[in-house]
């Protein structure tokens, strides 16, 4: 197991390097640069800017300098679009926000999804089952860019219950709508997966044996069925996490949360090279880490698996 | 919204294991599929949506790009769905016929979904089959590559691709297709490994059939079930991805449109009394998603009937 | 502002009251004096030398104060300067500063302006707005930006702490009007040098404006509060000003309606409904920006557009009334001149096209195209490029449909802003949507664009036009020159002018003091106050 973890972490380094080179090259090949703007800059000013930010170096040298800065000084460089701040600062400001509503949404999706799916399986073909299946099927495909403005309309304008956007770490009322909008579709997917996997497990021999021994149903479900039924859910968690980071773009746009999702799209559109690179590396590293965690969790739940 | 890889593996194992003469898994599967009500409903829905996409324009009284000047500027009142003025689904904010635009959007979205899924499945199958069949170092290198690629945040790269190459259908197909071939490659490789040592493949190799031919003739056909199920389940994911790209404004060029673009527009104006702009495209979008899910699930269950 | 220029040197003491707006009698002020307004996007920088956008300027105007301010009609009133003196040759201006303090207690001196302006042109600052000091014609600005002279050679000098002298390379009729622009604001040398790039962050930032910076969370909000050390603080009623970022305009409107914002832009097409439902809140005021489709007449441009008849036909075929009345619907006006109609002192020529019906225009357009050898059998095929935005998209779609019946085939090309700009600047387009906003309230800010050496992405060139604008720099009466220049534009059609902007907003009626007659839409929070509801 330890060897496996080390091997996986070792692969992270080439992965991140590939990611850096790939996005660096794509970004620099794209037409326009960070200082392309409506009033064409006088050539001298443009030259000054390029010199200041080292953009007049050859591409390989820029990549090298960049990687060097990141690895040696943990310095992700300056932002071209937000000259008052460094990329380190931008990420330090935005990432905790994304992480907060992201993890809450993740927790909500997993707990509610699993609970709902289990209930539906236990009450197979009952009204609760149909309700859960119906709701989750609908929620699963409703894009969150439709969900978000509906939430604002209902909870901010009509009911006046929640602030329509913004962010505060101290006031949970700002968290609710982002978490709901981000988690609903994954909650529904998880509920569906849990349900079908739970049905499978409930029909299996060892559960039947447990029942035959006269064990009460809730113990059967919690002690014997839940753990094996979780396996497909867990393998689904890695992708969920990644999609949630991507989905945060929508959350940031509609709820002005100031997270890194919107910052990424902006940086790509504005050719804010360093910000774009910084966020890409961060998300790449998180993806690797999270996939690894999921694999470890998987092995922990299913002792048959050996890496 | 992700395909459960465990079920796919189980299905692949079964398909590969079914090399017993005289027993086609397909005949049994067809029977089981027909008995699955949800899957049959899904199939019917998909057929209707496809019919809508293909022949909807025959009924449209407006083209997807014409502006109806009598409606323009007062869409909330004059642009409502109406049989009288030929706007069956109402109009969009500019007074364009939403029926024709929904037909148009359906075509694009289905196309992107199917072509994208096709690219993913073909790339994944070939990559996996080649890696598995070659074995040894090639296999090692190819699978490590897959591992590395697995950890790349694809949506980010897709955005960069669209930013770099400008928005075009080709880029959209390719970019979207490139997102999901990795899982497919892994599954196919695993099955190829187990197929490789089977007698009929050994025999082919002994009589000197070239490798590409063995892969094409003997290995890939044995994986058709997986490919079919995977592709069916992939299409809705591709459509979802496209809708997200459209939301970001990086989708197809006007006057062409897609479900994602129509839904994003409709969602923007839903507070202004023009709810039909959201409702109609969203309806087709949701219904199609279900269709593909049910058919995909049904197909898988039919081909891989575990005790359920 | 009325013309203050005379041929003799003259000491002009501006005697206007400095704070224009005060609660009228019978108005009850709200207990909590707060103003919350909508921002489409994050404020990119609070450094006056680096700011490039309108939303940034709006905040900087509260945090800093330039030599002059604008009043509610766009006229210039004293700011940090109490009075000024203009030399006879109109090449030297001497400003006398008032007694004022930075928010850290230091006095505001002429040296602060000298430092700030040198910093703007200093190549090491790499300011994207360094060109603004060139526009002001400040001596040596161009050479310093190019790195040929050191920044201390800039034609600006502190005679003493209270006296600032500015020397120009040429008489510049609009010079005074540039002095309320954010790029010209003073900055505190000590603070900038102490904190480096981080000097604009909350806690570090020191300004001389009526407000100070409380907090600034990128993409969320920015909060300012009243500066008790401001020289005119006694007349400032507003206590807190908050800019809230909402990236989606529709959601912004929802939040305004929910009472979370005091001002928000109205999305295109919603003004008629909202002005009916909320007549006291929906406001449309002229805004000095013009929208156009620029034709590429350069060597890289399509052959068809080199024919003036094709350009005229395209301009004629564009149904501006529908665009203004049925798409935008917010009090914008059809444009038949490049200069915005509300610009101070501008007299638009009588364009024939303006008085025709659309049917007449279309007939004329068809005839012109036929003359040029085009028609339904031999259609003109062109690409119309626009940048990602809901309204640009709507207009481009409409334009495509207007031109279609004339036998003009348009392919729409929606690209991101950076690509759009890049292609325009390298003449890699057929037709491109473009808009220009006034830097100052005078027609030359628009007309300069089409000068041969102006921004002029389509590379149109006309000797008489260039001469007219050169003459206007020193002319006593510029109106006839500008009028003639517009006539040339109307005849030569280097671009199809589409519409003149209006600022279409929902404004909470409790908020008073927002200027409604200033075409550049500069507003000062020190003039705002909130009524009890």
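Each Cβ is built from the backbone N, Cα and C atoms, and glycine gets one as well.
What you are looking at is a predicted structure, and each value in this text was computed from that prediction instead of being measured.
What TrEMBL lists as domain 'ABC transmembrane type-1' is A:95-294.
Taking Cβ pairs closer than 8 Å, the transmembrane segment (A:9-30) reaches residues 59, 62-63, 66-67, 268, 271, 273, 276-277, 280-281, 284-285, 288, 292 in its own chain, all 6 or more past its ends. Sequence annotations record features per position, and here TrEMBL assigns transmembrane segment to A:9-30 (among others).
Taken from TrEMBL, the feature transmembrane segment applies to A:99-122 (among others). Within the chain carrying the transmembrane segment (A:99-122), a Cβ under 8 angstroms from the stretch's Cβ atoms is held by residues 128-129, 132-133, 136, 169, 175, 178-180, 182-183, 186-199, 202, 217, 221, 226, 229-230, 233, 237, 240-241, 244-245, 248, 251, 257, 259, all 6 or more beyond its ends.
Annotation source TrEMBL lists transmembrane segment at A:142-161 (among others).
Sequence-distant contacts of the transmembrane segment (A:173-191), counting only residues of its own chain at least 6 positions beyond either end whose CB sits under 8 Å from a CB of the stretch, comprise 100-102, 104-106, 108-110, 112-114, 116-117, 120, 132, 135-142, 144, 147-148, 151-152, 155, 162-163, 166-167, 233, 236, 240, 243-244, 247-248, 250-251, 254-255, 257. Positions annotated as transmembrane segment by TrEMBL: A:173-191 (among others).
Annotation source TrEMBL lists transmembrane segment at A:233-255 (among others). Counting residues 6+ beyond its ends, the transmembrane segment (A:233-255) has Cβ neighbours under 8 Å at 98, 101-102, 105-106, 109-110, 113-114, 144-145, 148-149, 152, 164-167, 177-178, 181-182, 186, 189-190, 193-194, 197, 261-265, 283, 286-287, 290-291, 294, 297-298, 301 in the same chain.
Only residues 6 or more beyond the boundaries of the transmembrane segment (A:275-301), in the same chain, are considered here, and those with a CB under 8 A from a CB of the stretch are 1, 5, 8-9, 11-12, 15-16, 19-20, 23-24, 27, 66, 70, 76-77, 79, 81-82, 87-88, 90-91, 95, 227, 230-231, 234-235, 237-238, 241-242, 245, 260, 263-264, 266-268, 307. Positions annotated as transmembrane segment by TrEMBL: A:275-301 (among others).
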